[in-house]
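Notes follow the structure.
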Amino acid sequence: MAITDWPAGERPREKLLERGAGALSDAELLAIFLRTGRQGLSAVDLARELLEAFGGLRPLLEADLDRFCDHLGLGPAKFTQLQAVLEMARRHLHAGLERGEALTSPEQVARYLTARLRHQSREIFACLFLDNRHRVVRYEELFQGTIDAASVYPREVVQRALAHNAAAVILAHNHPSGVAEPSVADQALTRRLQEALGLVDIRVLDHFVVGDGRPVSFAERGLM
């Protein structure tokens, strides 16, 4: 049955307009993006097929061009559209942290860092540099590869913080495995950076580990 033959309240577009995007399933959201299905499949049916083939929404969104286009119903045009949508979402979150408002919500920071780091295929260590009113001065990705006390140089983090005249820092890195549980090495690294930044009176407010689901906050865990 074509989507146009569905009850109005069950059609993805009408459902979104009536109840908001949060009321839609992953398949329904993807169907709106796809716009059309293929012979014998509605856009929602195609969306369900693709989600099953990729293993969920996140792997689909993070697929490279070759893997994305390997599926019937997808091609370079859809890939570029999707990348544009994802980049707009990241920039929207970034702009929200650049409006000069003080950071008061860990959820706000977690959403931003998730958008920045979750899609990365390798470990990245980043810093949010803040002024004395906890407003974002700069976001920087400083190190890539295996993130541990041997590969992240406290002196360089201190230099970047001083260059931005930061009064505080929020640390972040991702676990490409998807498991956001802080490791012993993560905790040791955090202590080293706290000590180094403390020598120049710069506070480390938190350290987020980004994986699948909600990022883990060291501050909320009582690890700092």
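Every residue gets a Cβ built from N, Cα and C, even glycine.
Taken verbatim from Swiss-Prot:
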BINDING   H173, H175, D186  Zn(2+) binding site
DOMAIN    102-224  domain 'MPN'
MOTIF     173-186  motif 'JAMM motif'
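Distribution of Swiss-Prot features across the structure.
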residue: H173; record: Zn(2+) binding site; Cβ within 10 Å: 26
residue: H175; record: Zn(2+) binding site; Cβ within 10 Å: 21
residue: D186; record: Zn(2+) binding site; Cβ within 10 Å: 20
Intrachain neighbours beyond the motif 'JAMM motif' (173-186), with Cβ under 8 angstroms and 6 or more residues off its ends: 117-118, 120-126, 147-149, 207-216, 218, 221, 223
Within the motif 'JAMM motif' (173-186), residues counted as helix, strand or coil by DSSP: 3 helix, 2 strand, 9 coil
Helix, strand and coil totals (DSSP H, G, I; E, B; other) for the domain 'MPN' (102-224): 41 helix, 35 strand, 47 coil
